[in-house]
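Peer 1: Checked TrEMBL, it gives:
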type	residues	note
COMPBIAS	843-854	compositional bias 'Low complexity'
DOMAIN	36-82	domain 'PAS'
DOMAIN	109-161	domain 'PAC'
DOMAIN	162-235	domain 'PAS'
DOMAIN	238-290	domain 'PAC'
DOMAIN	329-550	domain 'Histidine kinase'
DOMAIN	572-693	domain 'Response regulatory'
DOMAIN	721-837	domain 'Response regulatory'
DOMAIN	885-987	domain 'HPt'
MOD_RES	Asp625	4-aspartylphosphate
MOD_RES	Asp770	4-aspartylphosphate
MOD_RES	His924	phosphohistidine
REGION	841-869	region 'Disordered'
Amino acid sequence: MTVEYLILAILIAVIVGMRLRQGRKMRRNVQETMHGLKRLSKAVDQSPASVVITDRNGTIEYVNARFCEVTGYTATEAIGQNPRILKAGNTPPAVYQDLWDTIAAGGEWRGELQNKKKNGALYWESAIISPVTTDDGTIQSYIAVKQDITHQKDVERKLQKSEERFALTTSGGGDGLWDIDIIGKRVWYSDRFREVLGYTDEKDYPNRFESWREGLHPDDRQTTLAAYTAHLKHDTLFDVEYRLRTKNGKWRWFQARGKSLRDKNGHAYRMAGSIADISERKQMEEDLQARVKDLNEIQSAMLNMMEDLDTEKDRAKAATQAKSDFLANMSHEIRTPMNAIIGMSHLALKTDLSPRQQDYISKIDISAKALLRIINDILDFSKIEAGKMEIEKVAFLLGDVLDNLSTLISARAQEKGLEFIFNIAPDLPANLVGDPLRLGQILLNLCSNAVKFTDEGEIVISATVVKQDENGLLAKFSVHDTGIGLPEAFQAKLYHSFSQADTSTTRKYGGTGLGLTICKRLAEMMGGAIGVESDIGKGSTFWFTILFGLPEKQKQHSRDPILLPAGIGCQRVLLVDDNETTLQILQALVEAFGFHVTTATSAYQALNILETTPRQKAFSLVLMDWKMPGMNGIEASRRIKENPMLGEVTTVIMLTAYSREEIMQQAADTGIDAFLLKPVTPSVLFNTIMQAMQKNMDRSRPAKLADAVNPASLTPIRGARILLAEDNEINRSLLREILEGAGFVIEMAKNGREALEQVHKRPCDAVLMDIQMPVMDGKEATRRIRDWECFKNLPIIAMTANAMAGDKEKSLAAGMNDHLTKPIDLDELNACLARWIDPQKITSPAPSPGTTTSQKQLKKPDGESLKAGMPDIDWEAGLKNVAGKQSLYLKLLEEFIRDYKDVDKQVQTALELKRIKTAKRCVHTAKGLSATIGAHSLHHALVSLEASILNNEDVEQGLEHCGIEMNRLASQISGVLSRAPDSIRLRAM
């Protein structure tokens, strides 16, 4: 039903209704009319259009169902309201003014309005609004019929945007567009299409297919039209390149791409696409083809040259091989008699010779060694030139390279009165991966030159870290001297083969001029570089860099700082040396260890500082140089030792560049605690300080050893039950005897799993937990104990032979309360137990402490006689670790030798069987026990061996060193035990 018919029906209904009121005469007509109105009302109510009837004032009198559906208002809500309830506010006021002017004048208004639904949503309607009048033309009401056109509006809006987008694309894009109506034979070209051809409008270039076809280049027309036809027939790809004639008559290259639309039968009815000017690309392709042609010709010529070069290379290779063979033969022929000359000279110099004979043979020895160095330089240079020099990548200790360098250079520096100093950065790792032989070769060459060209002053070897990451480490080494220096003009050609500063230099100092060339090549082969800084008359600094690898352990962990033992850190140290450079380097090293340092430049100044320092600020250590002007170091040390206010508390270590036996004997007679040969490395200096100071500390408090077991502070916790988790039988028995003697009840566990079971079986007041144990280690056992709520507060104290700075933090992170380092210091152990065991919660009653046979001390004469037979044992340190119980100490020594005299063989066998964990545990346990008994040399050898195993380094040398130390120690202990009195032996059983 159309809107017009609907309006007519409504008007008829209204008119009929008016006439019904005229009288009852027309009742039958009214009844008939009412039936008709019902039908009309039903039709209006079901109409797809919204119908609204208002009175002449605009009040709504009627709405149909569609109105309610569209607007969301019910009929009850709408009737009585004004149509303004639908007003959205977006339609211009002029539209509403026109609407009212039209219908008020009796006219019909048609238009579009944007209205608002009850829920606030906007919608569009197409409306027809008409007045309803009486016979005399008076407006009685208004009727509006409206259609929802929201969807139509959305379509129109999208279409408009699409048209705008298309217009922008065609006008602003770089490509021209075309569109072909295949059925209607109509063609459209965009403005840009015409523009690229030089045309401006449709008059110049009509929208006809022939416009394009006739412009095709004759050579391209057939292939282009064939591609067009093939696409229409078979839907093949339409992407062709061809030439078109432009308006000015010139030909330009274009690339056309297109796609067609097809009906349900697959027939193309429309095709559209783009066209792009590719003339510049085509020109570039032509130029490229020309260049490729030229390159082919050049390549052909190069191939001919390479064939010639291969021929020459084969000849050169044959010549090089011949030279290498000659040098190898020459090396063998010269070295054999040279070794004999050097060896016999060395032996002859050890015999009784007359002064003249001594002079002759010394000169033969010196000349032979100089000749051997020249031969070695020539052979190395030849290997490098022939590309046969191979660089190793093996794990090594930097300290070993420096020790070897010191051995080779120190004597020569000593002969000229030169200070030879190492300045090694503390953050430079001791373990590196690279070629130690070639590193040593470069250092030896540079140091030899430094000694050669320096008559007075010093030679300083420095090593620092340039950069370090997970891939490796770049280290910088430098050799500084105070020698003759180098002319600036010569520095540029310094590394040329067979070159020296001038002929006078060669005559005076000798040499081939190959050394620095070899150094440069070696540094470059090891990923580095080499350079020099020099001033005439002031000296030179030769530097080089090398890229090293790092052992796997060091890639994941930064180097741990050195950790001072308890009671030694933060003490005062006096450094005495007349050489300012040595003093500065030593000060930096010792301060890095954690000491407070004061310096003196003479023996007199040092004595004055010591004597005037208040007792509460006294120095614990003096590092004293031997050779100083005025008073030498030995005399100064004698005065310190003879001073009753200083000698008992001050440790004195002598430093000297001279290793003559008479000097060392004088130092020993004076009572000096240790003797160090310059140059010193950080690790050697640290170890020497620790050994000397620990020995002095032990001597200064012998009377306290026996009392260490039962201090008064332990009385409140005596009787506490302690679980001792330790896999080593010797350590278990030692600690058990000491702790039981102190009044504790001891339970034992051999590994972490047993400790876990023991804790659950019987309550205890504290756990002493070894870190490294088989089956389950101490950290894992602690974590599992802490998993139980009832053991959250159980004191667990770690015990380990590892003394690095990060170890304590790792123990605490695992859930342990405290951390003790082996050998266990009894004072620290007692303080630790007193700190963590709660006297109110002790599970066992305190036993009455008694003195057992094992607790009795040996008489002093017995102890002294036994001590004299074991020079490699620190008797005082070992005795302190067993609370002064000499019988227990002897038992410990006997058990140690019984179980570990073949430790080197045990470790070697484990490594051969690939049982790495077993090897690590064996070395770790032996290391801890060696420290407990005071076997310092063996302890250091085991520390080095353990580091080699952890870093996957070669252990052959370390095993040999441990074997030598252990055999010497076993011999001494066995001899002492065999000579010990019966009473002592019985108590040691």
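Glycine is treated like the rest: Cβ placed from N, Cα and C.
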Peer 1: Using DSSP, how many residues in the domain 'Response regulatory' (572-693) fall into helix, strand and coil?
Peer 2: 59 helix, 25 strand, 38 coil
Peer 1: Summarise the domain 'PAC' (238-290) as counts of helix, strand and coil residues per DSSP.
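Peer 2: Tallied per class, the domain 'PAC' (238-290) gives 12 helix, 30 strand, 11 coil.
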Peer 1: Report the mean pLDDT of the predicted model across the domain 'Histidine kinase' (329-550), rounded to a whole number.
Peer 2: 80
Peer 1: Do the domain 'Response regulatory' (721-837) and the domain 'HPt' (885-987) come close, with at least three CB pairs under 8 A (pairs 6 or more apart in sequence)?
Peer 2: yes
Peer 1: Would you count the other C-beta atoms found within 10 angstroms of the C-beta of Asp625 (4-aspartylphosphate) for me?
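Peer 2: I get 27 for this one.
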Peer 1: Can you grab the distance from Asp625 (4-aspartylphosphate) over to Asp770 (4-aspartylphosphate)? Cα atoms, rounded to a whole Å.
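Peer 2: Between the alpha carbons of Asp625 (4-aspartylphosphate) and Asp770 (4-aspartylphosphate) there are 42 Å.
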Peer 1: How many Å lie between the Cα of Asp770 (4-aspartylphosphate) and the Cα of the residue listed as 'phosphohistidine'?
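Peer 2: Here the two Cα atoms are 11 Å apart.
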Peer 1: Among the modified residues Asp770, His924, which residue has its Cβ surrounded by the fewest other Cβ atoms within 10 Å?
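Peer 2: Fewest other Cβ atoms within 10 Å, among the modified residues Asp770, His924, is found for His924.
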Peer 1: Please list, for the domain 'PAC' (109-161), how many residues fall into helix, strand and coil according to DSSP.
Peer 2: 12 helix, 30 strand, 11 coil
Peer 1: Could you find out if DSSP has the residue listed as 'phosphohistidine' as helix, strand or coil?
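Peer 2: DSSP call for the residue listed as 'phosphohistidine': helix.
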